[in-house]
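Asks: What follows is a structure written as structure tokens; I'll ask about it next.
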Amino acid sequence: MVRALSVSVLVGVTCAALGSYVVMRGLAFMGDALAHAVLPGVVVALLIGMSPFAGAAAVGITVAVAIGYLTRRTGLSEDTTIGILFAGLFALGITLLSASDGLRVNLEDLLLGQVLSVSTTDVYVTVGMAALVLGILYFFHNELIFTSFDPVGAEVIGVPTKFLSYLLLVLLALVIVIPLQAVGLILVMAMLVTPAATAFLLVRRFVPMMVVGSALGGG
């Protein structure tokens, strides 16, 4: 029970802190798309005897970077790029799952997780994820806020906007994939968007929004 509570609080706080940027940048659909696009990674990992969450992490990070790259290179809007990759990869995952005789994927565990059965290793992994994500958000705090509110101005004065965009997408992929085993896709998405969106309605400044959102997510 203590492990389950610890993981839930850590995931809630981390998701809410990152979710503040997700809400301000309008990336909620991006999070939902990543959550569904990892299905091929889960299936392939199971087929070759690996952890499904390793496969999900590899695909999630790859898709996040691909979305950022294609958006910048092709001129397509971010929503369009997300929609294409989301639909294509989810369909690929369903096709692989249907074609794999004898392979059984517990979709309920993938969607809802098993928070009461988390191991000590899961706690350590979650602590590492939280430390990494929160540390990066703290270190690049000013730059991320600047690029979130005025990306053109940030680029003009030399802020590495491209790097920060990719970094934020990779962090988003990690925050979605790593807690899958514990809390599942549905709860991760709820933790990522709902506390930050609620805080956005309650406060008028960004830092208080992150604090209030993290308090709501961790509570």
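Note: Cβ is positioned from N, Cα and C throughout, glycine not excepted.
Quick caveat, the model's predicted, so the values are computed rather than measured.
What TrEMBL records for this protein is below:
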- 43-70: transmembrane segment (TRANSMEM)
- 82-103: transmembrane segment (TRANSMEM)
- 123-140: transmembrane segment (TRANSMEM)
- 152-176: transmembrane segment (TRANSMEM)
- 182-203: transmembrane segment (TRANSMEM)
Asks: Ranking 43-70, 82-103, 123-140, 182-203 by Cβ pairs under 8 Å to the transmembrane segment (152-176), which is first?
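Replies: The listed stretch sharing the most Cβ pairs with the transmembrane segment (152-176) is 43-70.
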Asks: Near the transmembrane segment (182-203), which residues from the same chain, at least 6 beyond its ends, have a CB less than 8 A from one of its CBs?
Replies: 4, 7-8, 11-12, 15-16, 18-20, 22-24, 28, 31-32, 35-36, 109-115, 118, 122, 126, 175-176, 209-214, 216-217
Asks: Could you give the residue numbers and ranges of same-chain residues that sit at least 6 residues beyond the transmembrane segment (123-140) on either side and whose C-beta is under 8 angstroms from one of its C-beta atoms?
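Replies: Answer is 3, 6-7, 10-11, 13-14, 17-18, 21, 164, 167, 171, 174-175, 178-179, 182.
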